[in-house]
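Asker: Following this message is one structure expressed as structure tokens.
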Amino acid sequence: MSFDDLLRIARDTALAGGELAARRRREGVSVAASKSSPVDIVTEADRETEALIRALLADARPDDGFYGEESDASESASGLTWIVDPIDGTVNFLYGFPHYAVSIAVVEGGPDPLVWRALAACVFNPATGEVYTATEGGGAYLGDAAAVTPARLAVAPPVPIGQALVGTGFAYDSDMRGVQGALVASLLPQVRDIRRMGTASLDLCAVAAGRLNAYFERTLSPWDHAAGALIAREAGATVKGLRDAAPSRDFILAAEPELARVLEARLVELGV
Ligand code: LIP
């Protein structure tokens, strides 16, 4: 199956999941449970949307593996694994803040971001209708649910770090949030400004679209960044972990290549 065929499955599935999530949002959303901390919550819509996505992917690609935020992983018999966040930006979704996304990527290998090879990705924001897509080597695009010809994406041109609009996010663990907040406080005077929008997949897509100059975060789960990282990389961003590592829970940074180098060095100086 071609990367474009895999992308078609990812996009169709993301649109179906996003339509369900948006409908549940209109009907009203409540917390179903908390997970790693009292502020790390899951809604029934998260669970229902992942169940729909999982069923659609199993129907289309029964031998592939599945690794999603809200249900048990399944091993791959084909060598491909689908990495899924059914509603990324769960807190935004709970509060009705129109900045959340269905994030679906298909990778060669298992659900380990240190070794997987991302092949195709879709990030869909049902609140805006924006559909971000990419395939490995095929570029990154921004279209809409109507499938009108999508526009090719490219990162913003290089800027000095003092002119950089930088996105970031924070963990659900309060101690870690304190550490992350102190780092951001030190970085803030050195950049144009900071944006904390609450949805890693859309932050990575914002770098791809030139709406952010850079994005970095620590403690993300694989499903948070699997799709957005491929989209940002295919739009010309460097997407990496610290030093020579691949992006992972430890650290992810996405930016135009020269800014990525400067910003990583500055973050290391600040103790990231
Ligand atoms: C969210 C990420 C975001 C991060 C939040 C949370 P979730 O994922 O997309 O970047 O800052 O703390 O982890 O929990 O909404 O799927």
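Every residue gets a Cβ built from N, Cα and C, even glycine.
Note: TrEMBL annotation is automatic and uncurated.
The feature Mg(2+) binding site is assigned by TrEMBL to Glu69, Asp85, Ile87, Asp88, Asp224.
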Asker: By the count of other Cβ atoms within 10 Å, pick out the sparsest of the binding-site residues Glu69, Asp88, Asp224.
Answerer: Glu69
Asker: Taking the centroid of the Cβ atoms of Glu69, Asp85, Ile87, Asp88, Asp224 as the Mg(2+) site, which other residues of that chain lie with their Cβ within 8 Å of it, listed in sequence order?
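Answerer: Apart from Glu69, Asp85, Ile87, Asp88, Asp224, the close residues are Val84, Pro86, Gly89, Thr90, Ala101, Ser103, Ala200, Ser201, Ser221, Trp223.
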Asker: For Ile87 (Mg(2+) binding site), write down the residues of its own chain that are at least 6 apart in sequence and whose Cβ falls under 8 Å from its Cβ; none is a fine answer.
Answerer: Ala21, Thr43, Ala45, Asp46, Thr49, Phe93, Tyr100, Ala101, Val102
Asker: What's the number of neighbouring CB atoms sitting within 10 A of the CB on Asp85 (Mg(2+) binding site)?
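Answerer: Within a 10 Å radius of the Cβ of Asp85 (Mg(2+) binding site) lie 32 other Cβ atoms.
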Asker: Going through the binding-site residues Asp85, Ile87, Asp88, Asp224 in sequence order, which have a CB under 6 Å from an atom of ligand 1?
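Answerer: Only Asp85, Asp88, Asp224 meet the Cβ criterion.
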Asker: Helix, strand or coil: which one is Glu69 (Mg(2+) binding site) in, per DSSP?
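Answerer: SS state of Glu69 (Mg(2+) binding site) = coil.
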